[in-house]
């Protein structure tokens with residue numbers, strides 16, 4: 001029994017909630033997905049010119065009418081992207097169901113695949129592939145529907161040459177309601193979990209009849225220094241979140257700019273296919289990358305030795321140098337970063353694309369008329385006007401990369417440990433997670449210290 005459950009039972013005689021029920025899990029999952037939708041929609045709202053909102057205010061529209069009739073319709077692309085991608089995110093809920101759903105026998109697709117692997121001893125790749133095909137058949141129609149709704153995307157362009165700076169919309173008496181909702185959400189999703197993790201990190205044993213003050217100890221924190229793999233996991237997670245997230249955003253930006261203002265068949269194909277990786281559960285995607293890192297060097301080595309690549313003059317040199325490096329790539333942090341970047345491409349790219357969508361082509365044409373090259377236009381016009389989307393995309397990648405666990409489970413190796421993957425591995429082996437609790441607490445505080453200043457700017 002947890003801290004709050006035991007305190008509630010002592011106070012009122014019973015526990016008014018059951019976090020192991022399917023309803024509670026759905027509510028918790030929905031609350032934890034709020035930041036993803038917020039980052040998508042807020043960056044688009046920042047790019048909406050205040051002139052269109054002021055025009056509605058001049059004809060007597062109330063703030064609520066301005067919000068429902070002007071502001072929200074203008075960011076419909078971001079709302080649609082968020083809805084579709086959050087649906088994909090809900091399809092692969094893994095850690096939440098593994099911890100809270102497993103004790104009651106509640107199971108979703110991701111936990112079913114994971115338990116199927118553990119029960120059979122060896123992964124059932126044919127069953128995993130069949131499930132992935134079914135998921136793709138579900139998600140592809142959603143992508144087609146999204147594109148059909150976005151055929152007239154140029155109607156949502158608001159940042160033009162004469163656009164004014166966005167101003168805050170006064171909420172009037174509704175500001176107290178909005179404040180209560182925000183405080184309640186922060187309390188449930190941030191305050192309560194962090195308090196629980198902090199208390200459990202300082203307490204070795206907990207249960208009915210155990211005194212909180214008698215069990216307070218720093219023993220768990222002292223054990224961190226005796227476990228170098230935990231320290232590596234913290235450093236690796238921060239490196240993947242901060243540096244890897246920034247590199248991923250740079251890659252997404254190049255792809256987004258290449259697709260920007262080019263409505264050809266290649267762009268449409270990329271736009272449709274960018275969501276496909278999110279149609280596959282993270283566990284299956286991580287397993288696919290594992291087999292790529294294992295079999296690609298083997299296949300290239302055979303091709304360079306006796307196959308169709310053996311006729312190359314540099315075949316022997318490639319076998320001695322390139323193949324060795326490719327085989328070593330499996331046990332580096334680069335393999336984890338590459339898997340994360342590909343799997344979560346849809347999220348970062350959609351956030352950047354929805355921001356680029358609101359930059360009017362007249363601004364780029366004006367720069368082109370002065371003799372600016374495409375690179376100069378991108379560097380001095382497109383990217384500065386998309387800065388909110390880029391910052392939001394980096395924040396999103398940071399949050400996702402540092403908390404990702406399912407994709408990296410099969411890529412876990414000595415030296416490439418991450419906090420999430422280690423916790424899943426320990427949980428699967430039935431080991432106590434008392435040791436990783438304190439680094440997890442430090443990691444949560446560290447992550448919050450990084451994200452909070454950027455989110456408030």
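Placement of Cβ uses the backbone N, Cα and C atoms for every residue, glycine included.
Just so you know, TrEMBL annotations are computer predictions that nobody has curated.
Remember, predicted model here, so these are calculated numbers, not experimental data.
Among the ranges 104-124, 125-145, the stretch that TrEMBL annotates as transmembrane segment is 125-145. The range from 238-258, 301-321, 364-384 that TrEMBL describes as transmembrane segment is residues 238-258. Here the domain 'ABC transmembrane type-1' (1-146) has, by DSSP, the following mix of helix, strand and coil residues: 116 helix, 0 strand, 30 coil.
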